[in-house]
Amino acid sequence: MIIRSPEPEVKILVDRDPVKTSFEEWAKPGHFSRTIAKGPDTTTWIWNLHADAHDFDSHTSDLEEISRKVFSAHFGQLSIIFLWLSGMYFHGARFSNYEAWLSDPTHIGPSAQVVWPIVGQEILNGDVGGGFRGIQITSGFFQIWRASGITNELQLYCTAIGALIFAALMLFAGWFHYHKAAPKLAWFQDVESMLNHHLAGLLGLGSLSWAGHQVHVSLPINQFLNAGVDPKEIPLPHEFILNRDLLAQLYPSFAEGATPFFTLNWSKYAEFLTFRGGLDPVTGGLWLTDIAHHHLAIAILFLIAGHMYRTNWGIGHGLKDILEAHKGPFTGQGHKGLYEILTTSWHAQLSLNLAMLGSLTIVVAHHMYSMPPYPYLATDYGTQLSLFTHHMWIGGFLIVGAAAHAAIFMVRDYDPTTRYNDLLDRVLRHRDAIISHLNWACIFLGFHSFGLYIHNDTMSALGRPQDMFSDTAIQLQPVFAQWIQNTHALAPGATAPGATASTSLTWGGGDLVAVGGKVALLPIPLGTADFLVHHIHAFTIHVTVLILLKGVLFARSSRLIPDKANLGFRFPCDGPGRGGTCQVSAWDHVFLGLFWMYNAISVVIFHFSWKMQSDVWGSISDQGVVTHITGGNFAQSSITINGWLRDFLWAQASQVIQSYGSSLSAYGLFFLGAHFVWAFSLMFLFSGRGYWQELIESIVWAHNKLKVAPATQPRALSIVQGRAVGVTHYLLGGIATTWAFFLARIIAVG
């Protein structure tokens, strides 16, 4: 008798050839919807086509099919990202002054775009130094390339080609995993396995390989660059990787190889894995040895985290158990049922991810200037301002997106019959208390924060400076913020005994880092002016949250419309005969939330731009005297509304308004054009649908008279469509106006 070990059961996780590849179907607009596929009767058709093309919920109710479409779309997204990156690297290789910038980053500006002379627009090619004429870029790519050890344009070409290959690969993967081997629903819902791969694979091994690259390639190359060695003389990356003696000349402990690691004598590696804090005085960036150490530590943490969850072997945590154990004395059933929500509603899952990623993006914005990670980034003021502004906007949009998808989850995926007394149910049951308290907080913050400014404007207008809230009259010092600053400034040698400097120069301590006569960073003083504007931040953020949270908590029902869930995520009003029920859909809350998000982020980036020009950025003389760009006027000017208008908006707009005839003139045109786009939005936002329908009908009459009427009937935009077009142009116009204003200013004076 032969005893066989039991055959392992192989779980089949994919379906083969589930959907045939049909070019005929792809070529047919609206193939995903019976109604839209019929073709246009009226012009509303094109709007519905765009609104529903990616609303996979509306194509089918089969969760597996929806999951596959989302998964496939992700590969398409990655393909576009690789294509974009490839373009950036190609521009660096083909059209840029990267090699010149590398040899003298303090006197030469980064440029990767040279305008062709067609109608005289070669005026835009400004002199960026070193005899190169082009458009100055503010994306920070040059600084990243230097930090990663790229020393010539051939390397950029190779990376660009590599990214193109990856883009093609991603496109193929998107097709393959929808049409050839599509994962089953069980695969999408296997969260423990997903966590293992994402934590240990993406974040763990990703960080480890980046740390390895930094140690073996970036550090030695940057060491040579910092010492002033000509980039052409520096050995190439593969020489450092293959030849240990080369590295040992720079870092002697390399000669010992892995012995110190296995004998636990890790301090030997302290040459290239440091814990210094502060900035490298040569480049004004974080110490690259600190960054390598950081990525190694992060890699270890995530590799451990990736092994915490129970998959094929019966050990480790189960997500469902963790969530169901999560309850306290006041939280009823706690998170019971949350596991089922997050594995069956991708909107709920996406909502959490957007909220966290949005918050993280805003954290990134604040770290990019306070702990500038790349060499010569801190002294490139245009790039610093651009990176801060960009990450703030992106974070704001992601957080509004979180509320949007939370509301879609509530309308489409929430099942009240199966939820009782878990945390979500308890939040919904006392939503009135939450919203009314939040509303009170908004009113309090609004009146008090704005009231402080109005007081100051009034006192200033009446010529009574001694009665103003300011650092020289009635002081309102931000004592808690100053306490946090001091705690961090004193950390080295106290709470962080191993560090030689604090995490950021902004905390205080008197250090100043200047590179090539320009200030990289110095301690940022906070005073009454910051106290005032921070309360405006609190106000705008709370109002944004009020609108978005109300939209989520009242997405399914309200006293006004008890059956709101039946009307869907977006609807204009609750039908005829019910006046006063317009603008109550969850979609309308997202619409309104976007405007307040725009308010909130605008105040933040204005605060940052002016504060940095006034108190941080500037030049330093040989005697060590710092001259700031706006001479420290923030503390006294920004404490009145009039000061913001006069000394920030008007005074700093002079560069963009006077840019005609110079290399910055494109910003002047954009400033004008984007104002126009913004104003155009008001035509959609302050208009009634009937007005346009009447107008359209008389225009159609004229076309009929001339026998040129189209077969597709023109229709005025629906209320929701009009609002969507309006808010899009409002945000686009506002953001582009700000962009032109900031860049013309900072490129001219920075």
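Heads up, the Cβ atoms here are built off N, Cα and C, so glycines get one too.
Feature annotation from Swiss-Prot assigns transmembrane segment to 70-93 (among others); the stated evidence is sequence analysis. Beyond the transmembrane segment (70-93), the same-chain residues lying 6 or more positions past its ends with a Cβ under 8 Å from any Cβ of the stretch are 54, 56, 112-113, 139, 141-142, 145, 153-154, 156-157, 159-161, 163-164, 166-168, 170-171, 173-175, 177-178, 183, 188, 346.
Residues or ranges marked as transmembrane segment in Swiss-Prot (evidence: sequence analysis): 156-179 (among others).
When Cβ-Cβ distances below 8 Å are used as the criterion, the transmembrane segment (195-219) is approached by residues 147-149, 237, 240-241, 247, 250-251, 272-273, 288-289, 291-292, 295-296, 298-299, 302-303, 305-309, 311, 319 of the same chain, each at least six residues removed from its ends. Residues annotated as transmembrane segment in Swiss-Prot: 195-219 (among others).
According to Swiss-Prot, the transmembrane segment annotation covers 291-309 (among others), on the basis of sequence analysis.
What Swiss-Prot lists as transmembrane segment is 346-369 (among others). Distant neighbours of the transmembrane segment (346-369): 66-67, 70, 377-378, 384, 387-388, 390-392, 394-399, 401-406, 408-409, 412-413, 521, 608, 612; these residues of the same chain sit at least 6 beyond its ends, with a Cβ under 8 Å from one of its Cβ atoms.
What Swiss-Prot records for 385-411 (among others) is transmembrane segment, and it gives sequence analysis as the kind of evidence. Outside the transmembrane segment (385-411) by six or more residues, the chain places 138-140, 341, 345, 347-348, 350-355, 357-362, 364-366, 368-369, 544, 548-549, 551-552, 555-556, 565, 568-569, 586-587, 589-590, 593-594, 597-598, 600-601, 604-605, 608-609, 612, 735, 738-739, 742-743, 746, 750 with a CB less than 8 A from a CB of the stretch.
Panel annotation: around the transmembrane segment (433-455), residues 427, 468-469, 476, 532, 535-536, 538-539, 542-543, 545-546, 549-550, 553-554, 639-641 of the same chain, lying at least six beyond its termini, place a Cβ under 8 Å from a Cβ of the stretch. What Swiss-Prot lists as transmembrane segment is 433-455 (among others).
Here the transmembrane segment (531-549) has long-range neighbours at 399-400, 403, 434-435, 438-439, 441-442, 445-446, 448-450, 452-453, 456, 469, 476-478, 481, 589-590, 592-593, 596-597, 599-600, 603-604, 607, 638-639, meaning same-chain residues at least 6 beyond its ends whose C-beta is under 8 angstroms from one of its own. The feature transmembrane segment is assigned by Swiss-Prot to 531-549 (among others).
Residues within less than 8 Å, Cβ to Cβ, of Cys582 ([4Fe-4S] cluster binding site) and separated from it by at least 6 positions along the same chain comprise Pro572, Cys573, Ile719. According to Swiss-Prot, the feature [4Fe-4S] cluster binding site maps to Cys573, Cys582, an assignment based on sequence analysis.
Same-chain neighbours of the transmembrane segment (589-610): 369, 385, 388-389, 392-393, 396-397, 399-400, 403-404, 407, 530, 533, 536-537, 540-541, 543-544, 547-548, 550-552, 583, 630, 634, 638, 644, 648, 652, 723-724, 727, 730-731, 734, 738, 742, 746, counting only residues six or more beyond its ends whose CB sits under 8 Å from a CB of the stretch. The transmembrane segment annotation in Swiss-Prot covers 589-610 (among others).
Residues or ranges marked as transmembrane segment in Swiss-Prot: 664-686 (among others).
With a cut-off of 8 Å between CB atoms and residues at least 6 apart in sequence, the same chain places Gly733, Thr737 near His675 (chlorophyll a' binding site), listed in sequence order. Per Swiss-Prot, chlorophyll a' binding site is recorded for His675.
For Met683, Tyr691, the entry in Swiss-Prot reads chlorophyll a binding site. In sequence order, Gly726 are the residues of the chain that are 6 or more apart from Met683 (chlorophyll a binding site) and have a CB within less than 8 Å of its CB.
Per Swiss-Prot, phylloquinone binding site is recorded for Trp692. Taking all protein chains in view, 17 other C-beta atoms sit within 10 angstroms of the C-beta of Trp692 (phylloquinone binding site).
Distant neighbours of the transmembrane segment (724-744): 138, 382, 385-386, 389, 393, 591, 594-595, 598, 602, 605, 609, 652-653, 655-656, 659, 664, 667-668, 670-671, 673-685, 717; these residues of the same chain sit at least 6 beyond its ends, with a Cβ under 8 Å from one of its Cβ atoms. Taken from Swiss-Prot, the feature transmembrane segment applies to 724-744 (among others).
There are 10 other Cβ atoms within 10 Å of the Cβ belonging to Tyr691 (chlorophyll a binding site).
Note on the transmembrane segment (156-179): residues 17-21, 68-69, 71-76, 78-80, 82-83, 85-87, 89-90, 92-94, 98, 145, 150 of its chain, located 6 or more positions outside it, place their CB under 8 angstroms from a CB of the stretch.
Cys573 ([4Fe-4S] cluster binding site) falls within neither a helix nor a strand when secondary structure is assigned with DSSP, and so counts as coil.
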